[in-house]
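Single-structure report; data block below.
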Amino acid sequence: MAVYWCTEVIPLAVTSLIPVVFFPLLGVQTAKKVCLQYLNNTNMLFFGGLIVAISVERWNLHKRIALRVLLILGVKPALLMLGFMVVTAFLSMWISNTATTAMMVPIVQAVLDQMDSTEHDMTMMEQGTGQTNTVIELGEKSTSESTAVNVVNNEQVPDDPRSSEEKKMKKHICKGMTLCVCYAASIGGTATLTGTGPNVVLKGQMNQLYPNNNDIVNFASWFGFAFPNMILMLVLAWLWLQCSFMGLNFKKSWGFGTEKTTKEKAAYDVLKEEMRKLGPLSYAELNVLILFVLLVVLWFSRNPGFVKGWASWLFPGGEKYITDSVPAVFVALLLFILPAHKPWNQSKSDTEQTEDTKKQFLSAPLLDWNVVQRKMPWSIVLLLGGGFALADASASSGLSAWLGHQMTPLGSIPPWAIATVISLIIAVFTECTSNVATATLFLPVFSSMATSVKIHPLYVMLPGTLSASFAFMLPVATPPNAIVFSYGHIRVLDMVKTGIVMNLIGVCCITLAINTWGRPVFGLDTFPAWANTTTNQ
């Protein structure tokens, strides 16, 4: 399965189905037990989270948030890049990295084109605005459409009479602005438990390999550890991209002591125009926003750790019965029940007398199952399931214990060095394979190693999980990179050169995180009793 996942001879999701056939045939586990892993508690958490994310996309709420933040932060080059990165990272925490990137890159493209056309010829500003707005529609679009738009814009470049120095600077800014989106999407996904596949894999593997772990990895504990790490990485990535593509000229990039230039005003107008097109906040958007906030609050307050959560207060034995998947599926259910329009205003304009009177009170729900079927990444659900089945069989067959025994010599190396080496290895490996597949393959091995050398399993599993999302170097490493690359502003070499430093930034941030605030959050200083018990069994 590892070889098939790495080489993608057959689709990743199809490879994930192999345990259903071969574990029963080889007498490793019963088919009944294997199949239970494909839609277990962790997969249901991911599934519920994805449905809420789809509803946010369905009503364009993510676009409204993006434009609002960009308008607040302003359009000076450095602040504009910061705005794009903050918005992309925040949205990636809740909806898929791919969807976030697909929405953000056309906005970046439109703003850059508007700034370019304004600078190119001030007298043609109005005409340029019209052209840009007709050619570029800021909806979510396919990669091929995006490339087509880009070709139209690129064909106009040879006629540009500006000096080669200005053209070079403009090209650098284009590269920086587009790269910052895909990098921020990958970094942002690490901050929440449902933000990206590898995080969900860690949660599932912990439950499989250490059934008595007292729910150590939940939404609140993960956020407490990963969110500060995301902020740190985002700031360092922003500074690195500034250095690489714009130079740290504070007066020019940040606009200290300067007024808005004409092209900055034009870019601001583009954002304002797009915000105007969205109109006022609709009833459906408001409902989705309220449900989204409700879900986040329920996740955080279920079992915060330092006080009793609602699971214990409201339901007897709730901490044992209720997991993070319960609020996720509860809010997902509400999306199919609550109306998308105000029922009492639904038929005011309806003059048809023959219409059934019942229809006056009916409204379509916030989410339709056909939309979910179309947008749900079912392959990821199967991929997670296959990984959980593999981990479960590795533990019950004794393979994990055997692997751990082989790694006992590593006990002579300091734990922080083991964690750093693991981060580097995974960061390189994930450039060539799927992030989820990388985490699925390596996490059981790391857990075995941790129990054999008597260190906390999360001390090595956390760096492995976060590093699986650090696919910064190649266009094929992750879908956000591929989307950005398809726009034609950057070459593979640009991505590799910038990505190497991004990987090093990521590894340094993780090493810092697990050796500082990660220790109290997960109790990484001790070897827990639940890890020892599992090994003995």
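Yeah, the Cβs are placed from backbone N, Cα and C, and that goes for glycine too.
Lifted from TrEMBL, the feature list:
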type	residues	note
TRANSMEM	9-26	transmembrane segment
TRANSMEM	38-56	transmembrane segment
TRANSMEM	65-87	transmembrane segment
TRANSMEM	176-196	transmembrane segment
TRANSMEM	216-241	transmembrane segment
TRANSMEM	281-301	transmembrane segment
TRANSMEM	321-338	transmembrane segment
TRANSMEM	380-404	transmembrane segment
TRANSMEM	416-446	transmembrane segment
TRANSMEM	498-517	transmembrane segment
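For the transmembrane segment (498-517), the list of distant contacts is 179, 183, 224-226, 228-229, 232-233, 236-237, 240-241, 244, 416, 419-420, 423-424, 427-428, 459, 462-463, 466-467, 470, 472-474, 524: same-chain residues at least six beyond its ends, Cβ to Cβ under 8 Å. Taking pairs at least six residues apart, the transmembrane segment (65-87) and the transmembrane segment (321-338) share fewer than three Cβ pairs below 8 Å and do not count as touching. Contact between the transmembrane segment (321-338) and the transmembrane segment (38-56) holds: at least three of their C-beta pairs are under 8 Å, each pair 6 or more apart in sequence.
Each of 9-26, 38-56, 281-301, 380-404, 416-446 was scored by its Cβ pairs under 8 Å to the transmembrane segment (216-241), and the highest score goes to 281-301.
Sequence-distant neighbours of the transmembrane segment (9-26) (same chain, 6+ residues past either end, Cβ-Cβ under 8 Å): 1, 34-35, 37-38, 378-380, 382-383, 385-387, 389-390, 393, 434, 436-437.
By the Cβ criterion (distance under 8 Å, sequence gap of 6 or more), the transmembrane segment (38-56) is not counted as touching the transmembrane segment (416-446), fewer than 3 such pairs being found. Within its own chain, the transmembrane segment (380-404) is flanked in space by residues 1, 12-13, 15-20, 23, 28-29, 33-34, 37-40, 42-43, 46-47, 197, 200-201, 204-205, 208-209, 434, 436-437, 439-440, 443-445, 447-452, 534-535, which lie at least six positions past its ends and keep a Cβ under 8 Å from the stretch. Within the chain carrying the transmembrane segment (281-301), a Cβ under 8 angstroms from the stretch's Cβ atoms is held by residues 52, 55-56, 58-61, 64, 94, 219-220, 223, 309-310, 324, 327-328, 330-331, 334-335, 338, 340-342, 366, all 6 or more beyond its ends.
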